[in-house]
Amino acid sequence: MLRTGVLVSGGGTNLQAILDAIDNGTVTNTEIAVVISNNPGAYALERARKHGIPAECLSPKNFPSREAFNDALVEKVDSYGLDLIVLAGFLVKIPEKMIAKYRNRIINIHPSLIPSFCGVGYYGLKVHEAALERGVKITGATVHFVDEGMDSGPILLQKAVEVKPGDTPETLQRRVMEEAEWKLLPAAIDMIANHRLDGDKQEGGTGK
Ligand code: GAR
């Protein structure tokens, strides 16, 4: 069983996709041990509670310094003895200490085809606003390992999504979630849980 912690900041639709995929057997050998948010109002916390999963909140506002928050976050994560940490819309920079401690055990979902529209300042709707502004015809989502940079770690999975005439950032975000993110993130977890890191579990792959 891959003991997995999911870090969230918002609505938690990606978290929901993971929970559903575990429930319906698409993702195996995986247990969500905890959901942690920096945002007390995150609906993702409610989704975790409804599922009987420990939901923890650590808000930077309740700590005297960023360093104190970072230490508390690492301590909290450590306390659950996790094999994998999934950033599912977690909009906080991961402390370097945590990256070093959990090297190749932290994955992130980003709503574009990295290296397009990623890095500092590109998160949530802003990514889709930038894609529309640039006029790309294809966008998508990426799951990658987290390293010390911003969206710069090794890529695990990517999926392309068409931009359609008349798209707004909101309609594009929704399509990228439905067609890419909600499939890709569970697929990446299943690959890790079942020791298939060569990409052959990707949609259309041989699944050997
Ligand atoms: C998702 O689109 C995710 O890719 C994005 O935030 C959204 C969270 O939605 N993450 C980033 O932009 C990270 N740079 P959710 O809370 O409904 O899963």
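Even glycines carry a Cβ here, placed using N, Cα and C.
Annotation comment: TrEMBL describes 5-188 as domain 'Formyl transferase N-terminal'. The feature N(1)-(5-phospho-beta-D-ribosyl)glycinamide binding site is assigned by TrEMBL to Gly12, Thr13, Asn14. For Arg66, Asn108, the entry in TrEMBL reads (6R)-10-formyltetrahydrofolate binding site. Taken from TrEMBL, the feature active site, proton donor applies to His110. Annotated site 'Raises pKa of active site His' per TrEMBL: Asp151, in sequence order.
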Candidate recorded positions Thr13, His110, Asp151, pick with smallest Cα gap to Arg66 ((6R)-10-formyltetrahydrofolate binding site): Asp151
Under 8 Å by Cβ from Asn108 ((6R)-10-formyltetrahydrofolate binding site), counting only residues of that chain that are 6 or more apart: Val86, Leu87, Phe90, Val143, His144, Phe145, Val146, Asp151, Gly153
Protein Cβ atoms within 10 Å of Gly12 (N(1)-(5-phospho-beta-D-ribosyl)glycinamide binding site), excluding its own: 23
Among Arg66, His110, the most crowded of the recorded positions [Cβ within 10 Å]: His110
Inter-residue C-alpha distance, Thr13 (N(1)-(5-phospho-beta-D-ribosyl)glycinamide binding site) and His110 (active site, proton donor) (nearest angstrom): 13
Per DSSP, three-state class assigned to Asp151 (site 'Raises pKa of active site His'): coil
For the domain 'Formyl transferase N-terminal' (5-188), the mean pLDDT of the predicted model: 97
